[in-house]
């Protein structure tokens with residue numbers, strides 16, 4: 001996650017000078033920032049064809065992410081029947097991804113292509129903080145969704161999280177994430193680095209207290225990896241394994257209740273896919289960052305910058321994948337998306353699939369009578 005900040009020493013050669021990435025969220029690579037003065041030092045990211053591919057990749061992610069996540073937020077706000085607790089959490093994921101798409105990725109692409117920080121000191125502190133914040137909010141929200149569904153389905157609890165409490169949980173998620181990401185904004189340095197005599201570049205690097213290779217950066221990096229990736233995914237995995245086992249072994253007493261049970265399975269399956277996409281897309285970048293934290297010689301790889309950029313692009317794909325999953329795997333979102341594009345408020349078509357009708361309430365009562373109760377809003381989106 002967040003690596004140790006470094007500064008260029010006057011005795012270092014061009015080949016030795018490295019600049020650290022942003023930290024949790026990794027909006028920029030640690031590769032050389034300066035245009036290399038000698039041809040043999042040019043890395044692949046400076047090749048025209050590679051730059052074209054990077055521009056197309058980042059622009060596609062930004063476009064798909066902005067459109068898809070904006071659409072998710074729009075339908076949850078517009079259609080009353082979509083305003084369930086689970087959908088509020090899903091909309092919160094969309095807000096976090098939208099933050100990355102609009103505030104982080106454009107500057108990341110610019111930084112990668114230009115080789116130095118041209119966006120000023122304010123954004124030097126703000127951009128890495130924003131992406132670290134967004135990633136942490138996403139992780140916390142996915143964990144909350146998993147625990148809520150586990151509570152309702154595995155333990156047969158009737159009481160659900162109220163809409164008011166869901167907003168409180170969302171606020172706490174942002175507040176806690178803001179505190180955890182704050183070192184990314186505080187321990188940041190906007191400075192000039194002399195590459196060779198009479199040649200300087202503007203760098204935006206981590207600057208931790210103490211010596212040049214401070215232990216604080218490594219501690220923060222590994223702690224963030226454990227607390228904000230490994231531990232949450234462990235909790236989420238256990239929760240969904242238990243949920244899936246419960247649903248698989250449950251015997252429905254009637255046709256109506258069987259339909260309700262099937263909808264629970266479909267919703268759970270969709271949310272599991274969301275978690276898998278998030279975990280898999282971020283895994284290469286986290287693994288690569290862990291390798292750097294363990295052995296700083298990884299920074300000396302000629303294609304370090306290209307490897308980092310490829311892994312970063314893979315991680316950023318998670319910011320537009322969720323809306324595609326919703327449209328593909330959930331009929332409510334699919335109908336809501338189509339209605340939004342047609343500028344029609346077809347609440348009747350959407351409501352027929354949401355457990356807010358008398359039929360759904362009847363299904364809930366049947367579930368209660370057979371010891372398998374679940375929140376209507378917690379099991380349907």
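Keep in mind that glycine also has a Cβ here, set from the backbone N, Cα and C atoms.
Swiss-Prot lists 11 with the feature N-linked glycosylation site.
As annotated by Swiss-Prot, S-palmitoyl cysteine applies to 343, with the evidence given as sequence analysis.
Swiss-Prot lists 1-37 with the feature region 'Disordered'.
What Swiss-Prot lists as topological domain 'Extracellular' is 1-52 (among others). The average pLDDT the prediction assigns to the topological domain 'Extracellular' (1-52) is 51.
Helix, strand and coil counts from DSSP across the topological domain 'Cytoplasmic' (74-87) read 11 helix, 0 strand, 3 coil. Feature annotation from Swiss-Prot assigns topological domain 'Cytoplasmic' to 74-87 (among others).
Residues or ranges marked as topological domain 'Extracellular' in Swiss-Prot: 109-125 (among others).
Here the topological domain 'Cytoplasmic' (147-166) is broken down by DSSP into helix, strand and coil counts: 12 helix, 0 strand, 8 coil. Per Swiss-Prot, the feature topological domain 'Cytoplasmic' maps to 147-166 (among others); the stated evidence is sequence analysis.
If you look up Swiss-Prot, you'll see 188-217 (among others) marked as topological domain 'Extracellular'. Secondary structure of the topological domain 'Extracellular' (188-217), assigned with DSSP and counted as helix (H, G, I), strand (E, B) and coil, comes to 3 helix, 17 strand, 10 coil.
Annotation source Swiss-Prot lists topological domain 'Cytoplasmic' at 239-269 (among others), citing sequence analysis.
Residues or ranges marked as topological domain 'Extracellular' by Swiss-Prot on the basis of sequence analysis: 291-305 (among others).
Swiss-Prot lists 327-381 (among others) with the feature topological domain 'Cytoplasmic'.
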Tally of DSSP helical, extended and coil residues in the topological domain 'Extracellular' (291-305): 11 helix, 0 strand, 4 coil
